[in-house]
Amino acid sequence: MSRSVLVTGGNRGIGLAIARAFADAGDKVAITYRSGDPAELAGEGFLAVRCDITDAEQVEQAYKEIEEKHGPVEVLVANAGVTKDQLLMRMSEEDFTSVLDTNLTGTFRVVKRANRGMLRAKKGRVVLISSVVGLLGSAGQANYAASKAGLVGFARSLARELGSRNITFNVVAPGFVDTDMTKVLTEEQRAGIVAQVPLGRYAQPDEIAAAVRFLASDDASYITGAVIPVDGGLGMGH
Ligand code: NDP
């Protein structure tokens, strides 16, 4: 059965691996992008929709296009996210609010819009991409960690609110993954992180995608409100 799947930030990194995993399984996959080459993304078989999730109007337009071409979104993966690391003393209000506006409020925008079709269909799967640092905390990432912790309360509230409508809300909390986001770290920082990971390495994006696909599959029909760590043991189940 081919479902209408939307992955925000599916143009690169973890989002791209997630989009490929659904496409490989035969689903109709739409992705949002801001950067990158839409022709290249279309070449992979995705419906690439330009959308900045900090802008409610762009979110609305993206959904209209997806609904027209693929039908209402049945599986939503809210993956788009940013970091703006800084110690609190030096963190500006803009550093804080812009990260919250993308990672948390941006997720609210896309989830709220997806919900319309899911309520009508009386089913839906929503997976939010949080982070191990949302629950562990991370010096220099108070804005990012707050946004990622916020996703847990958000998902669990919606799991309660919409469980009776057969819509599940789950969170995947990756540890350190080899993508552009972590390329900015120095070799020394990387070595320090790896030393704390029981599996002794970074994750590959595909390893995050596998957990997301599971949560959207029939095998996960009785799982909602869960936080699934995919972090090599860094958070020890948290
Ligand atoms: P990347 O930096 O490689 O990619 C970020 C993605 O988010 C891009 O597709 C980007 O689109 C998109 N994005 C950012 N801001 C917006 C916006 N305002 N509107 C629409 N799209 C936006 O990061 P990763 O692939 O590593 O991260 C993906 C998710 O996983 C993020 O939520 C991140 O917080 C989380 N994560 C990552 C970890 C890691 O170690 N890499 C660990 C734990 C969680 P564009 O290309 O157009 O800018």
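Backbone N, Cα and C atoms are what each Cβ position is placed from, and that goes for glycine too.
Unlike curated entries, TrEMBL annotations are predicted automatically.
Database features (TrEMBL):
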type	residues	note
ACT_SITE	Y144	active site, proton acceptor
BINDING	G9, G10, N11, R12, N79, Y144, A145, A146, S147, K148	NADP(+) binding site
DOMAIN	3-180	domain 'Ketoreductase'
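With respect to ligand 1, the recorded positions G9, Y144, A145, S147 contribute G9 as residues with a C-beta closer than 6 angstroms to one of its atoms, given in sequence order. With G9, G10, N11, R12, N79, Y144, A145, A146, S147, K148 listed as the residues that bind NADP(+), the site has a largest C-alpha separation of 25 Å. DSSP gives S147 (NADP(+) binding site) a helix state. Within the same chain, residues at least six positions away from S147 (NADP(+) binding site) with a Cβ under 8 Å of its Cβ are G81, V99, L100, T102, N103, L104, G134.
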